[in-house]
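Student: According to Swiss-Prot, the protein carries these features:
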- Asp125, Asp200, Glu202: Ca(2+) 1 binding site (BINDING)
- His169, Asp171, His184, His197: Zn(2+) 1 binding site (BINDING)
- Cys291-Cys478: disulfide bond (DISULFID)
- 288-337: repeat 'Hemopexin 1' (REPEAT)
- 386-434: repeat 'Hemopexin 3' (REPEAT)
- 435-478: repeat 'Hemopexin 4' (REPEAT)
- 1-17: signal peptide (SIGNAL)
Amino acid sequence: MKTLPTLLLLCVALCSAYPLDGASRDADTTNMDLLQQYLENYYNLEKDVKQFVKRKDSSPVVKKIQEMQKFLGLEVTGKLDSNTLEVIRKPRCGVPDVGHFSTFPGTPKWTKTHLTYRIVNYTPDLPRDAVDAAIEKALKVWEEVTPLTFSRKYEGEADIMISFGVREHGDFIPFDGPGNVLAHAYAPGPGINGDAHFDDDEQWTKDTTGTNLFLVAAHELGHSLGLFHSANPEALMYPVYNAFTDLARFRLSQDDVDGIQSLYGPAPASPDNSGVPMEPVPPGSGTPVMCDPDLSFDAISTLRGEILFFKDRYFWRKSLRILEPEFHLISSFWPSLPSAVDAAYEVISRDTVFIFKGTQFWAIRGNEVQAGYPRSIHTLGFPSTIRKIDAAISDKERKKTYFFVEDKYWRFDEKRQSLEPGFPRHIAEDFPGINPKIDAVFEAFGFFYFFSGSSQSEFDPNAKKVTHVLKSNSWFQC
């Protein structure tokens, strides 16, 4: 319940701006309550009331209104004018406000540059893969401008635990239903610190028809990394939700970049190669050309947030931080791996990439081939008639790996470590529109990308349809 002194102070601040007679009385009372709640939640009104009353040289409410207006980039009037009322009615982050790009008090930050995250539960508003893609994209926003990297955990504790909840949801800071507070997050540290919570009473969307999950997640994860709110209306870390119309062209403002780099420094000029000597790529007619319109790939896999495109003795290493991919000999990273590999895929939960050539396969972690490899593909359960794998992909959400051989495919259960019964099945049955001659495949942003010759097909595994057809080397900005 609001205290009488506070209500009287609110009346002093507001009566001159809004007459309290007739039909406007109820609306004015509602606006006053909204303002008081806003100042208490985001500008520490109750904490400072006694201090201001003792001084008796200004109204704490008027001063707080001025502080709020200045921070939000409004005209500083000290009154609840129409522009101020419009802003405080908008949906926003639940974390309190401070000025310019800011970090939490004491400047908490992670003491390591590789962080883990876990999506604890899901909103029913979106398919799971759409939630996964939004969170992954939100993390990439910060990864691109810092040395930070992220990997996902599917069980146990992660540095950043991401969850959806309504009202009272376990942290003593309840949500308020649809609108107003969209989400909140905690500064870096152990336990609940670093975690991000999203109000599931909101209508979460992939576009701007409701509340865009990617935009809110990118903002909240900024808090999880140590940033507080910015007074710059162009910044992602501005507290009031701003629905960008062109999500495909979204970029951090310089204010956001300055803030996060004040904590972690800039992104490295190129990915860290962990001391592996780089063998120069020899020139010659046999060297594949990145923007060759007829370029095809032998295999493609992700590796710790990067994408590896294999071709003959070489591979391109594509980081989302850098437009230009690196080009290396396979032997410069993994001397014992063969050239012209057949298939490759990453199991993120095991931090392992598997490479296939003929009837053998290898397991690599980072720059090291694991002991006990190569092994026969028949140890995975394939019949002896299978002599090579054309392409493979591991679905991180379903924890299934798909192996494509000619016009059929097998499915492997990563939990049970065995091929599933009922396979093989024809590719055309479950992947309509996909050329059965598959050279390579990998997953990104909730889609499967199938490569056949010089073209690729973006496939939605939930809708079971091809959504785009592109050139194979479009990932190289060709």
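Glycine too: its Cβ is placed from the backbone N, Cα and C atoms.
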Student: Are there any residues at least 6 positions away along the chain from His169 (Zn(2+) 1 binding site) with a Cβ closer than 8 Å to its Cβ? List them or say none.
Tutor: Ser163, Phe175, His197
Student: Same chain, outside the repeat 'Hemopexin 4' (435-478) by at least 6, Cβ under 8 Å from its Cβ: which residues?
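Tutor: Hits for the repeat 'Hemopexin 4' (435-478): 127, 129-130, 132-133, 136-137, 290-302, 307, 309-310, 316, 318, 323, 325, 343-345, 390-396, 402, 404, 406-407, 427-428.
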Student: Where the distance is taken from Cα to Cα, which of the binding-site residues Asp125, Asp171, His184, Glu202 turns out closest to Cys478 (disulfide bond)?
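Tutor: Nearest candidate: Asp125.
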Student: Provide the three-state secondary structure of His184 (Zn(2+) 1 binding site) computed with DSSP.
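Tutor: Its secondary structure by DSSP: strand.
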Student: Find the one among the recorded positions Asp171, His184, Cys291 whose C-alpha lies closest to that of Asp125 (Ca(2+) 1 binding site).
Tutor: His184
Student: Where's the emptiest Cβ shell within 10 Å among the binding-site residues His184, His197?
Tutor: His184
Student: Which residue, out of the binding-site residues Asp171, Asp200, Glu202, shows the minimum number of other Cβ atoms inside 10 Å of its Cβ in this structure?
Tutor: Asp171
Student: Using the CB centroid of His169, Asp171, His184, His197 as the Zn(2+) 1 site centre, which other residues of the same chain sit with their CB within 8 A?
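Tutor: Leaving out the recorded residues gives Gly94, Ser163, Gly165, Gly170, Ile173, Pro174, Phe175, Ala183, Asp195.
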Student: Taking just the CA atoms, what is the gap between His184 (Zn(2+) 1 binding site) and Asp200 (Ca(2+) 1 binding site) in Å?
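Tutor: Asp200 (Ca(2+) 1 binding site) has its Cα 12 Å from the Cα of His184 (Zn(2+) 1 binding site).
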Student: Excluding Asp125, Asp200, Glu202, please set out which residues of the same chain place their CB within 8 Å of the center of the CB atoms of the Ca(2+) 1 site, keeping sequence order.
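Tutor: After dropping the recorded site residues, what remains is Thr123, Pro124, Phe164, Phe198, Asp199, Asp201, Gln203, Trp204, Thr211.
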Student: What average pLDDT is reported by the model for the repeat 'Hemopexin 3' (386-434)?
Tutor: 94
Student: Could you put numbers on the helix, strand and coil content of the repeat 'Hemopexin 1' (288-337), residue by residue per DSSP?
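Tutor: The repeat 'Hemopexin 1' (288-337) comes out at 4 helix, 20 strand, 26 coil.
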Student: I'd like to know which of these disulfide-bonded residues, Cys291, Cys478, is least surrounded, judged by other CB atoms within 10 A.
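Tutor: Each of the disulfide-bonded residues Cys291, Cys478 was scored by Cβ atoms within 10 Å; lowest is Cys291.
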Student: By a simple count, how many Cβ atoms lie within 10 Å of the Cβ of Asp125 (Ca(2+) 1 binding site), its own Cβ left out?
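Tutor: A 10 Å sphere around the Cβ of Asp125 (Ca(2+) 1 binding site) contains 17 other Cβ atoms.
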Student: What whole-number Å value do you get for the CA-CA distance of Asp171 (Zn(2+) 1 binding site) and Glu202 (Ca(2+) 1 binding site)?
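Tutor: Checking the Cα atoms of Asp171 (Zn(2+) 1 binding site) and Glu202 (Ca(2+) 1 binding site) gives a distance of 19 Å.
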